[in-house]
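Below is one structure, written out as structure tokens; comments come after it.
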Amino acid sequence: MSIIVTGAAGFIGSNLLQALNRRGETDIIAVDDLTDGEQFRNLADADIADYLDQNDFLERYARGDFGTVRALFHQGACASTLESNGRYMMENNYRYSCRLLESSLELGVPFLYASSAAVYGAGRTFREARQYERPLNVYGYSKFLFDQRVRRALPQARSQVVGLRYFNVYGPREEHKGRMASVAYHCYQQLRRDGRVELFGEHGGFPPGGHLRDFVAVEDVARVNLHFFDHPQRSGIFNLGSGQARTFNEVALAVINSVRANADQPPLSLQQAVESGLLGYREFPESLRARYQSHTCADLELLREAGYRDDFQSLEEGVAGYCRWLARSA
């Protein structure tokens, strides 16, 4: 009886593989698109039973070729909020997901998929309800529209369907994402390359480096996925963040102080980091002004009601662990 993970060579998918392996699960079918061959690195240390291209997988899954499937973790998508090709985005994120949902419901396979906090757009209420959902870009819209499809399917569903709205996830195995990698990743790379970190300046009433996001460690994201895997009677759409909004300044400072701690140097305050030149700012890009989420913070009420009780890592401990991983991987 297999477990299937789409997007298995991606950031969250590959971390989910690692979490499953730690449980002793190895009968796993990994599904992805390895056109970017370098992403094989995220699979190389995972124990899996098979690999399939995402296009070959779709038809075979619909036919029931894989026998009894314990769960399908659908993590595959185009995750670029800067992608402007709406036709590509809707086919890759929306239509593909719809086909997997339909097949999963017909086969009775638990279906756990990645949604996104991008569905909330520029709003200040991050609750899983239609009135708060106003995406700012076609990526957010593709996730939003599929969530609506799921909401219509849930009342008649005879097997588990779970959507997890990921907030700002950071952690190991994201380097292939380039510009879409986390703030923590880019801060670390800037610091190692240039000896300083540079953040966006003032925008939308927020001071330099003061934009607020809900940053959540990828290890916590994997744990929440496995919580629902362990409780197949629970369905719905749930926020997945830390439940706390932190500034980009705090992320940058956590990275700076983590690197300093690894070099046996004392921590700095934000003011000290700025005055020493380790942290600076640049003008906010004009191209992002109309489609930028300046503030996010997950409302975790529904997730807690669904039985998830574990604490989330603090930003400081999560970033410290991530910086150690990056240093080992250099």
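Any Cβ shown, glycine's included, is placed from N, Cα and C.
As annotated by Swiss-Prot, active site, proton acceptor applies to Tyr139, Lys177, with the evidence given as sequence analysis. According to Swiss-Prot, the NADP(+) binding site annotation covers 11-12, 32-33, Gln39, Gln54, 75-79, Asn92, Lys143, Val169, Lys177. Marked as substrate binding site by Swiss-Prot on the basis of sequence analysis: Asn168, Arg179, His186, Phe200, Gly201, Glu202, His203, Arg213, Tyr292.
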Sparsest-packed among the binding-site residues, when each Cβ's other Cβ atoms within 10 Å are tallied, from Gln75, Asn168: Asn168
Pairwise CA distance, Ala79 (NADP(+) binding site) versus His186 (substrate binding site), rounded so that it is a whole Å: 17
Secondary structure at His186 (substrate binding site), reduced by DSSP to three states: helix
Cα-nearest neighbour of Asp32 (NADP(+) binding site) within the listed recorded positions, Lys177, His186, His203: Lys177
Spatial separation of His203 (substrate binding site) from Ala77 (NADP(+) binding site) - C-alpha basis, Å: 29
Conformational class of Lys177 (active site, proton acceptor) under the three-state DSSP mapping: helix
Residue, out of the binding-site residues Ala77, Ala79, whose Cβ gathers the largest set of other Cβ atoms within 10 Å: Ala77
